[in-house]
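This report concerns only the one structure given below.
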Amino acid sequence: MSFFKKKLSKGKEILSKSNLKTHTSSNASLSIDDLNRFGFSLNPVLWCLDHQQGLLAIVSSTNRIYIYGKQHVQSVIVPDCSTIVHIALCAAYLIVIDSRNTVLSYPLMKHRDLSKPAATYFLKQKVTCTVTDPTIDWVFFGMSDGSVVPWDVTRHCLGKFKVPNLYVPRHEEWRMMGYSYAPVPGKLSPVVSVQIHPKDLGVILIAYPDGVVLYSIRTDEVIRFYELEYAPGSTAAVLSPHNYRRPIVKGIEWSPWGDHFVSYYTDSTFAFWDVDQEYPVQVRNFVDSNIHTYTPMQRNPPKTELEPIRSMRWCCCEDPTVSFILMLGGLPKEAPVKGISLFSYRNLPAKKDVETFAEFFANPNSQRFFPFIDIPPVRDMLVIPSSSPHYNGSHNPKNLLLLSEDNSLSLLDISTGNISNMSLSIPPSLCFLASDFRVIAFQTVTKKVWNQIEDTISVNSHYSCLFGGSPSPGYLKKLDERNLLITSTGLSLSIWDISQGFMNPSLCVNLDFSSVMRKHLTPSAFITTASFSTYNPEFSCADSFGRVIVCKRKNHKENLPAQLANGIYRLDDTLVLEGTLHAQYYIDLKRGRVTLNQMSNIGFVCIGYQDGGITIIDMRGPHILCNTSISELGLERRGKPDPDFLTSAEFVVMNPKGSPSSIYVVTGTYRGMTLLFRIDPSSSGRFSAYFESSRQLDIKNIYKICSLTQDGQIATATGSSLQSVGYPLPQEVFLVYIGDSGISVFNKINNQVGNLDWRKPVCCRAALVLSTVSKHMGSVVCVNSDLSVNWYSLPNLREERKMQLPLDIDKNRLKEGDILGNGDYIFPTLGAHELAFGCVLGSGRTLANLAPMMLITHNASHVPPRPSKSLWNWLLGEQSTSAEELDILLGGENRAESKVHTLETPKVISARPAESVKQPLTPVPSMTSQSAQSYIPPRRQQQQKGFFAQINDHLAQRGNMLGGIENTMDDLEEMSAEWANEIKDSLAGTKKDLILSGLKSYIP
């Protein structure tokens, strides 16, 4: 339902009351529309990335699960369980494990009530880790009793296969031998980590605190144990905090080629292993290498305390043989700067012996360090791959998502090592988790203005790290105006068009002022306020050091003069495109923090400072029309320790004393004083500002001033209203002052026609709303500190109606939000990093009416081919387990049928954007809303042959190939023998000729 209609008028920039009226009757009932939530509730705890579907799942401290995709794709699941400890995305399912060992399975491939899981299963043991692969329908659970059990995702049950605790017999052997590191009887080592071989699904690495085990699912036996023990007197033994020389395993990572792996330990060391050797190839830490061996000539370095290694990932480039290791932590504790270490290994050595690889891992091709300078210390990192979903999710990553200790997020560009602007790459809601993210303004502009600044989007366009999901088109709620949500991160500004109910990155203008202000850059500077002109593509923003940046569209015909006034500084940017927004100049009067930044619609800017300063700027010069202060005007109250300062301003054309109309600037202060300035043209063609009068109101903190005429039209100064300057006005202008403790309505400046005082609750935000449900001139809608919304009619200020905001809005942070004249509001919620978006001119919509978004857009059964072992290894007898073989090994010959049904003839729709696709992915069908609710993507068909029959087929195929090679070698041998015989005959003939010719030379 719309409460506004469009009215044609001669002036295209007039927003009158008739523009905002509807065809509804005056007694129509109104209620609040709760439209959407932007941001993230409280703090992130866990995360999981499904690169096959391009989805990212993050668990918040409120036990909510947010699932993100491309653009503004977002779904929220609130499971009915205890604290979530593990999540996994596999085969278009979300697997959730809580602290009570309950497994919940949520299907994501269709629209349904995601609050109810498809299956619930109760485990007997605690899950310590999970791992999966995009080509299988299984999730491996590492258990607290040391076992590994597979979870059948599509059958919602555990598999028949189980890996027992592989260290139980080994512990018994240690106790029999009397080793000091043997655990006490009855103590079971839990599983620390499980990793699937990057080229063989039938081989897994299982990490226990005591060591690492290479296990074959195909043969159901242990291949090898890997246990690190330092040599006596070695560097690692000297630095080790343990009495015995065996560190505790903390994690493992496969190499991309699968012949090596790395394990890292609680004493900040990490070891490289060859899968064919029981002894480490190389053991090192951040400082030194070969720290596990001892030689009589070596000198132990001074003891350096290292911080623990928090995480380690072994990634590869487009070519899997070119790899690098990312290590979070492991630095010396006395290091002044923390960061992430990168060890690059570009080319594998041709010689495969242990000594060569020991030297290879000891001396990386390059070693880089990414310091945490502008962000807090990091406690976890997430690799976002850009190519295939294989190689344990670390194939050619471009970005790294960092979770800091203060629960903020940052995005690191791996190629440059710099912190990237998150609004350009990740979902908008996650931008709220940036450490320096701020919501600084919420206001309305005309559609014409938005169309003019929309060209700036292409300058810093959004490129999403995620590609999953199908975004909802939203709803067209506004016709001739746009709601702008303005946010900042440091000196970067983001302008979001949220008129359709979403923060869509494709409708976001990103401006970065750090580059143009590099000569004037102050460390830790950030933008605090911003003000847009409603009818012109220009705005101003202030930073934390009192500088005001003025931005306009680039126009080669409008150039700044060669010499500017004192306090105004030029910002030159030669790379600005014609017709795009850019920072033209900034104002720095050295007066402290900016308390008011008000951009007019007629080319003026009013600035208020913390010291009581008042500055009016004419953008046509630019010129400083007025630079004074409240104390210089003699209006400062005696006995007050802190100076009064401006908090609001309004530009209006009026004739307060019956004289010809002029341009006036009406300002309000924190202590309830109003100041009136008149702007007149001078003989030189410029404008001049003069102080006229002041008045003390019984209102504290006047944060909003509205002007309107007697017939209910907005009287804010616009380009068309300047035509009436110098002439009598046809209607009287009313001024409405709104503060924390009351409202006052004046006409003729000093004639008070309405007054309303309140103490509790406090009016935190208010707006002038013109609608058919309001009588006379309109209504003032006040949002109070108890979340109530009161409507007061103008000019008599009688209460019309009362509403209640959603209860999850934070009543203590209402001043951080705002409400607009069209009834839309933005207020922070109790979620700390979340905003509630709604409208007081609504019909009672709730979040349950929000259109759902499709998360699964790629067929889960069509995955890019998984890397496999080389042909030479295959000829030598090594077998790779396929996904179908793994289904039989884990689920048995009589595995139950999948509970996922298929459609017979799907219709193909567009897949992932071409610029972000490295390998083709098959999309799912295009569906209507009705068929989408029953659609589930097809899964792999059940393998018909038995396991032993498949082995026989593989052996026969290998025998045929080996037989062909044998025949080829026989042919080569025969050809070589014939060629040797020919050479032998030729040499014999040549020798005979030489002998005969020599004999002839002696015969006379």
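Cβ from N, Cα, C; glycine included.
According to Swiss-Prot, the feature N-linked glycosylation site maps to N27 (among others), an assignment based on sequence analysis.
If you look up Swiss-Prot, you'll see N392 (among others) marked as N-linked glycosylation site, on the strength of sequence analysis. Under the three-state DSSP scheme, N392 (N-linked glycosylation site) falls in the coil class. Long-range neighbours of N392 (N-linked glycosylation site) (same chain, six or more residues apart, CB within less than 8 Å of its CB): Q195, I196, P198, E253, W254, W314.
Secondary structure at N418 (N-linked glycosylation site), as computed by DSSP, is coil. What Swiss-Prot lists as N-linked glycosylation site is N418 (among others).
According to Swiss-Prot, the feature N-linked glycosylation site maps to N421 (among others). For N421 (N-linked glycosylation site), applying a Cβ distance below 8 Å and a minimum sequence separation of six or more within one chain yields L411, N460, T489, S492, N510, D512.
Residues or ranges marked as N-linked glycosylation site in Swiss-Prot: N627 (among others). Secondary structure at N627 (N-linked glycosylation site), taken from DSSP and collapsed to helix, strand or coil, is strand. Within its own chain, N627 (N-linked glycosylation site) has G567, L589, G613, I614, T615 as residues 6 or more apart in sequence whose C-beta sits under 8 angstroms from its own.
For N859 (N-linked glycosylation site), the number of other Cβ atoms no farther than 10 Å from its own Cβ, over all displayed protein chains, is 22. Secondary structure from DSSP puts N859 (N-linked glycosylation site) in coil. If you look up Swiss-Prot, you'll see N859 (among others) marked as N-linked glycosylation site.
The transmembrane segment feature in Swiss-Prot is assigned to 38-58 (among others).
Long-range contacts of the transmembrane segment (77-97) within the same chain, counting only residues at least 6 positions beyond its ends with a Cβ under 8 Å from a Cβ of the stretch, are 45-50, 53, 55, 57, 59, 63-65, 67, 103-109, 114-115, 117-118, 123, 127, 129-130, 132, 134, 136-139, 141, 151, 153-154, 856, 860, 936-937, 939. Under the heading transmembrane segment, Swiss-Prot lists 77-97 (among others), citing sequence analysis as support.
Per Swiss-Prot, the feature transmembrane segment maps to 188-208 (among others).
According to Swiss-Prot, the transmembrane segment annotation covers 324-344 (among others). Counting residues 6+ beyond its ends, the transmembrane segment (324-344) has Cβ neighbours under 8 Å at 253, 262, 264, 268, 270, 285-287, 304-317, 364-373, 377-378, 380-381, 383, 400, 412, 414 in the same chain.
Per Swiss-Prot, the feature transmembrane segment maps to 422-442 (among others); the stated evidence is sequence analysis.
If you look up Swiss-Prot, you'll see 599-619 (among others) marked as transmembrane segment, on the strength of sequence analysis. Long-range contacts of the transmembrane segment (599-619) within the same chain, counting only residues at least 6 positions beyond its ends with a Cβ under 8 Å from a Cβ of the stretch, are 13, 531-536, 538-540, 542, 546, 548, 550, 552, 587, 589, 591-593, 625-631, 636, 643-647, 649, 651, 663, 665, 667, 675, 677, 679, 686-687, 689, 716-719, 722.
Taken from Swiss-Prot, the feature transmembrane segment applies to 726-746 (among others). Long-range Cβ contacts of the transmembrane segment (726-746) within its own chain (Cβ-Cβ under 8 Å, at least 6 residues beyond either end) map to 650, 652-655, 660-662, 666, 668, 672, 674, 697-711, 713, 715, 752-759, 762-764, 766, 768, 777, 780, 782, 792, 794-795, 797.
With a cut-off of 8 Å between Cβ atoms, the residues of this chain six or more beyond the transmembrane segment (823-843) that come close are 1, 3, 30-43, 60, 62, 432-433, 437, 439, 442, 477, 483, 485, 498, 501, 765, 767, 769, 771, 781, 783, 789, 803, 805-806, 808-810, 813-814, 816-817. Under the heading transmembrane segment, Swiss-Prot lists 823-843 (among others), citing sequence analysis as support.
Of all the Cβ atoms in the protein chains shown, 13 others lie within 10 Å of the Cβ of N418 (N-linked glycosylation site).
Between the C-alpha atoms of N859 (N-linked glycosylation site) and N418 (N-linked glycosylation site), the distance comes to 35 Å.
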